[in-house]
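TrEMBL lists 1-20, 106-132 with the feature region 'Disordered'. Marked as compositional bias 'Polar residues' by TrEMBL: 1-11. Look at TrEMBL and you will find 106-120 tagged as compositional bias 'Basic and acidic residues'. Per TrEMBL, domain 'PDZ' is recorded for 119-194.
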Amino acid sequence: MSEKAGSQSGGSPEASGVTVSDIQELIRRKEEIEAQIKANYEVLESQKGIGMNEPLVDCEGYPRADVDLYQVRTARHNIVCLQNDHKAVMKQVEDALHQLHARDKEKQARDLAEAHREALSRGQSQGLSPPQAFAKVNSVSPGSPASIAGLQVDDEILEFGSVNTQNFQSLQNIGSVVQHSEGKSLNVTVMRRGEKHQLRLVPTRWAGKGLLGCNIIPLQR
C-alpha cells in the first residue's frame with residue numbers, strides 16, 4: 001500500500017509539471033484508501049465491537065476466545081498502514097495544488113496584463129464601456145474542478161466560456177456551456193477585489209456533485 005502511494009510523488013510530477021489529471025488521480029487514490037480504512041474498521045466492529053486499543057487477552061492473560069484474533073490484528077495493522085498512506089497522499093494533493101497554482105500564477109498575470117491592454121485599446125478605439133459582471137460565485141468545494149482552477153467565493157464572473165454580459169439570460173446558459181465542455185478547458189474571466197483574473201476551468205466529474213464543484217448565482221443589476 002505504501003509503495004503505491006509513494007510512487008505517485010517520487011517520480012515525474014515536479015519534472016514534467018503537475019496536471020489536473022494528476023490531482024484527480026491523487027484524489028481517487030485518497031478515496032480508495034478511505035474506503036479501505038472504513039472496511040477494516042467494519043471488520044473490527046464485527047468482532048464484538050472491538051476497536052484499535054482494546055486488549056486481546058482475558059483477565060487471566062490468555063488470548064481471548066470470543067474474537068478472531070488474526071482478523072483483529074490484521075485489521076489493526078492495515079488501518080495503521082492505510083492511515084500513513086492517507087497522510088502521504090493528502091500531502092501530495094497539497095503539494096500538487098501548490099505547484100499547479102504557482103505555475104499558473106505567472107501566466108495568469110501575463111494574461112491579465114494582456115487582457116487589460118486589449119480592453120483599454122478597445123475602449124479607446126471603439127468607445128466601449130468595460131465588461132460588466134453578470135454572476136457571482138458564492139461557494140467552492142475543496143478539491144473540485146472549480147477550486148483547482150482557482151475560483152474563489154465572491155468572484156464576479158465577466159465571461160464564462162462563450163457566455164458574457166451581452167448574451168447572458170439565465171444560469172441555464174452557463175449550465176449548457178458546462179455540459180458541452182466536459183473535459184475541455186474553458187476560459188473564465190472574473191473580477192476579484194477590483195482586479196480582473198483569467199482562469200482556465202475544466203468541467204470534470206469528481207468526487208462531489210456536478211462538473212464544477214461550485215455554486216453560481218446571477219447578479220441583480
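Glycine too: its Cβ is placed from the backbone N, Cα and C atoms.
Taken together, the residues of the domain 'PDZ' (119-194) have an average pLDDT of 88.
Under 8 Å from some Cβ of the compositional bias 'Basic and acidic residues' (106-120) lie the Cβ atoms of residues 130-131, 150, 189, 195-199, all in the same chain and six or more residues away from its ends. Broken down with DSSP, the compositional bias 'Basic and acidic residues' (106-120) shows 15 helix, 0 strand, 0 coil.
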